[in-house]
Amino acid sequence: MAYDEDDGEINFNELVGNLLSSHNQEGQEEGEVQGGEQEGDDFEKIYPTSENIEPKHPDDSQHMHNSPDQNIEIPHFVDEEDELVSVVANAVQNIDDEQAKPENHLENGSEHVTSDTADDNHEKEQQQEWAHILQQEILKSDGEPLRENTERRVSTSQHHPSQRTDDALDQDDENLRMAILESLQELNTNEEEEKEPEKHEHAAPNDKLSSKKSSKKKKKDKSKNRESSKDKSSKKSKSSSHSKKHAKDRNKEKQSKPTNNENTLDLSNILENLIHENDNAAIDTAKQTVDIQDNSHTDNTNNEDVEAQALVEATLKAFENELLSSAPTEEPSQEQSIGPVSSRKAVEPPRKPTADDIPLAMLQAFKPKKRPPQEKKKTKSKTSKAASTANKSPASESTSKKKKKKKTVKESNKSQEAYEDDEFSRILADMVNQVVNTSLKETSTHTATQDNKLESESDFTSPVQSQYTTEDASTANDDSLDLNQIMQNAMAMVFQNQNDDEFDENIVEDFNRGLGDLSVSDLLPHDNLSRMEKKSVPKSSSKSEKKTAISRRASKKASRDASSVELTEVPSKPKKPSKTEVSLEKKLRKKYVSIANEAASVARKKRWAKNKELKEKEKLERQTAREERRHKKKLEKQRLAEEQEELKKIVERGPPYPPDLRLTKSGKPKKPYRRWTPEELLKRSQEAEKPRKVKKERKKKEKKMKVPSSALKKIPLFNFVKGNVQPSARHRLNDIEGSLSTIGLHKSPDGVRRILSRPKSEDHEWPLSDSSASQNYDAHLKTVVHKEKIPFHPPWTIPSQPPFALPVARRKKIPNIKKYRKRTNNSFRVSKEGTASTRNRILPAILLPIINTLKAAAKSQTAAGATPEEARKRLATIIQHAKSTVIRAALQARKNSMQAAHSKGTTTELATTASRMKNPLKMIPIFNTSRVKQQLDKQLPARSAGTEISSSESPDKATPDPHSNSTIAGHTLKGVTTPIKIEDSDANVPPVSIAVSTIEPSQDKLELTKRAESVEPVENNVETAKETQSVQEIKENVGTKASEEVTLTEDKTNGDPKNEKRILIESPVEKTDKKKPGEKIATDLNEDASLSDKKDGDEKSTLHSDAAQLTGNEPDSVNTTTGKPKLIDVSLKPLNEAKPKIPIIFPLKRPQIKPEVSVINLVQNLVNTKIPEIKNESVDLGSNITDILSSTITNILPEITATDVKNYQYEDENVKYLKKTPRQVLNLDGLVPPSGRCITKAKRVRRIKKLSADATTAPEADGKANSESITYTFDIPSPEEVQSKRSVVLKFAKARLTEAELSCLKKEINNVRKRRWREMNSTKNWEYDVKSRLKKRANAFFGEGESETKSKWIEERFQEKVSQEKYKDRLETTETQANNTKIVIDDKEILNILAVNMNNLNKARCIEKDIQESFREEKLASLQPKKKRKKSILH
């Protein structure tokens, strides 16, 4: 809206300036001014008639502008004149836009009458204000400089005789100008004094804003200028509609008031004010105008054609509007933007203004603008300089004319109805035709001169404008009318014999009101309107700036020509051929629009009602459907609940279940219980019939073996050794020998000599000449291969001199893939010596050859392709052979060492050997000895009739006692009686002691230092014997040589002298000789006695003999006789030469022995347990065999003292075994090779076992067995009394225990049941094991086949094993339990498990109480059987 108001302000300013300048130029007198006012009044009265002529103006103006007479040179004017010319050009164009609107409103006039009459009163009030503002602006802008400008223009116009049409229109211009000024003066007289200061405030900001906008938009390019011209024209057309309404008001005032010459304006004062204002504005912007003028000059040169055309159209329309609408005082802010409008501006259709928009636009025109006043001067100076260079105006005029012509065709169709019924229009058309005909004759003489001008300026036209000029070239000569002549004739005819009284004032007002809102935009298509209105707002300011570049002369000429052409060409516009098509449609629309609207409203209401009903219906349907769904869900829920209840009852009854019940894979009903639907049953049956898809086994891709390069190097190219390949594999190889024979190698030294001696010329012939000769290969000759000696050849052929081996190329070192961490300073480095020592600790030296043998055997077996079972059997046989070899080697080594020690016969050597054996190597057993423990146990209970000899100290120390247990060790080492238990088949034989008859009386003088101490009971000895981890059964030849060996062992216990013991053990080992056994023994004993006498002076120590006491099961069996033992001569007792089995202990761990337990006791116990086994095997041994065995074994074993036990490091301790790289070990029988990391063994707590009360049986009880031994007594009824198969305890436990406790109790019951099952099966398993081993032994003796002797032997051996008491009990229990396949745990045991295992005695007692109470109630109820029967019958 603001841009529209600015355009309106510019129009008035430019129009008045143009009129004033023409008035001063001609110097008209006062009378002429009055005549002009009279003419203006007349024109105002006939304003409606001239409005009808308007729609054809654009076409007429185009014809006139295309005529060659319009190409007149425009003189160069100064800046002030250019400013006035631009003002007039803009004003005239804007007024023409205003006149385009009324025609369109002829059709819609009836619609706007009510709105216009309502606003008339308000607009009249505004007119007086605007008139006052306009007058003040004219006084300011059109001051004294206008006189000087007009004088200059007169002088310059005399130098240009070509513009002879200027003088013709001066009189008309003056008349019109005076009419306008008079109307302004009359409107403003009443309120001039009140509104004057207020209007000054409004004008100043408007000037700033317009000048600011124009200066900014000057810089835009040519394309933007063309687009902006459309917007400008639309806004001007809007403003023109306002001016027409105000003109109607002024017409009323003029008819009521007489015209007074006294009210005319003083033109000299107006010019002075204008000059004064322009000078002040120019001073402030002097510096800026220079740059902007240069820019505008360049822009205007590009847009000259467009702007010239716009100027012509603007002047034409402005002059015509001035004729028709007396004094347009609509937009009084005159000094707003003075910029030019582009050529496309007038063509663009503006928005159609409504009755509401018009007063708002008028009011907003007076809002203060913020643009500074300096910019107004800037734009004026720019446009004035650019206008001086405008020489291309005719060419540019043709473009806008053509566009006007095209658009007015549409306008004519819309305005045909208005022309049809208007008689006044027809009369005016005839009059104009007459004027045009007369003017054609006068203007025909000017065509020749204007053609020359058009040709000279055609070079400057733009490409776009040249297209339009060529199209209009044919009509240019036809329409070359003199606008000046047409206007003069038209005015003369219009105002001839016309009086103001003849016209009815109401008719004029109605006609003006009908045309008030008509604009060009109403005649254009709406799609063009919408597109152009979007562009109109932002580009309006730039378009107003582009008109000032056109010279004053061109604008004058254009205005005259346009006005004359428009008046003459109007009558030819209305065309009736197309009137019927459009008007019929519009008439029908107007006729039936009310009926159609009424029908549409009725139909709309019906549709609303119908839609409402449909929505209600849909809502009800949805609601019913929702209720149905809910009901179905509820029924389904109830059905499922009923089915669940039914199925629960079925499940509680137990199997068999119905076929449609869902079951798990195990056959139990699946929760939640559900039946299969018929569809699911059908599907399951079909799936069962279908064959199952066989899953394809994915074949694992075999990984390609990576052959190392070192192996590839070793592959020979040719196998020259014929016998190297097996005959079976010869057919797989290629024909290597055949290929070698074709090569022609020289295999003899003669051939090599010939190669060296042959001339070079024979090189190419030599291989072929000697290839047929057979040569032998000499392996001693080496071929030195160089790369250059082997010529290049195809790979499928053999070179002339092939090498015997490939050259070995140097290879780059392959980087180590495995990255080792940097060794830190704190890391422990293990040396080779350390690894060797740790290996020796873990693996004794005796086992290394065995292990290497086993490894080699395993490698050979696996290399041969044997299966793991075959390799295992092979290694088993090797281990069996290794056993016997190791036993033989160990026996031989010990025998040799004993013989060497005996031959030397020195106690020092014996002491050193004993000290060496104190720290033996840790031995790892090669074979299993797990049955040794059982063999030890099975012999102890059978021997209950053993006797014991205890030594007593003599009361008289001086008297020697040959039968006493203590002797003098200083004189003899062998004259000591050693009490030994001789186990014979006879249990009543008293114990004997072996003594020597040669005892000197001097021995009685020595004192006895120690008293024999009794040994701990047999139970301790048996337990310590069991704790030793391994026992080896070794065969030893006892009868090879009779020898006696004395071993000195010391037992030191915490340094206590009381516990110190010096034990002399006499263990003569005799070799029986068939000829003289007694003699041999006697001589040996005498020799040993003489050796011991020599050692007596140095030792000076008392020896004490320790008697081993063996006790049976009963304490009464211990014999404590103090009588003299019977001497038995060794020579009298026959000795057997058989080789008995003697068990020797090789400890894996250091035995855990109490300090008071001596080694000799252990040895004697072992011997005593093994001798009966030997006797059972029908081996005849001497009575002194136990003595021999115990002495021999004691010599082998080292002494174990308390300090040794204390200082000994067990394997349990945390010892780190560090190894860099573990030795590669074959994974035999699933054994995992040791890892390379340090393995820290977990420290095990040594468990001390308590001795059981019965010494014959070893404690085998488990931890859980011990816990079961603690039992409580519970008084609950037996299952027979309760008469229930199920456990009553569990039934009552559910009420007392939580779920977790109940599940735990069930687990404990299960564990006890399983443990009992294993115990019951262990005896059976032992029986099967014994029978299978006996069968293996029988197969070795009797062969694989079955025979009576074989089965009889197996049965006998088995009965011998079973006859022992230990196994009798087991067999009896197994026989009783054989029938009971189930292991039943009764209720009392369950309560014990709850009390002991779960540590919950209180709840066990509560359950016991509950069971008793329930049992009592049942008994009471059973006393009344009749009532129960009646109830049951009724029930």
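Yeah, the Cβs are placed from backbone N, Cα and C, and that goes for glycine too.
Keep in mind that this is a model prediction, so the values were computed, not measured.
Positions annotated as compositional bias 'Basic and acidic residues' by Swiss-Prot: 196-205, 224-234, 345-355, 610-628, 637-652, 1033-1082, 1091-1103 (among others). Sequence annotations record features per position, and here Swiss-Prot assigns compositional bias 'Basic residues' to 211-223, 235-249, 367-383, 692-706 (among others). If you look up Swiss-Prot, you'll see 459-482 (among others) marked as compositional bias 'Polar residues'. Annotated SUMO cross-link per Swiss-Prot: Lys981, Lys1154, in sequence order, evidence recorded as experimental evidence. Annotation source Swiss-Prot lists domain 'UIM' at 171-190, citing sequence analysis. Among the features that Swiss-Prot reports, phosphoserine is placed at Ser1014, Ser1067, with the record citing a large-scale study or a structure entry. Residues or ranges marked as region 'Disordered' in Swiss-Prot: 16-74, 88-265, 286-309, 322-424, 442-482, 519-708, 934-972, 1005-1125. As annotated by Swiss-Prot, motif 'Nuclear localization signal' applies to 683-699.
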Fill in the blank from the handout: Averaging the pLDDT values of the domain 'UIM' (171-190) gives 72
Completion exercise
Within the same chain, the residues 6 or more beyond the ends of the compositional bias 'Basic and acidic residues' (637-652) and with Cβ under 8 Å of it are 658, 661, 669, 672-675
Problem - DSSP residue counts for the compositional bias 'Basic and acidic residues' (610-628), split into helix, strand and coil - result: 19 helix, 0 strand, 0 coil
Problem - Secondary structure tally of the motif 'Nuclear localization signal' (683-699) (DSSP, helix then strand then coil) - result: 7 helix, 0 strand, 10 coil
Exercise for the section: With DSSP as the reference, give the number of residues of the compositional bias 'Basic and acidic residues' (637-652) in helix, strand and coil. Expected result: 16 helix, 0 strand, 0 coil
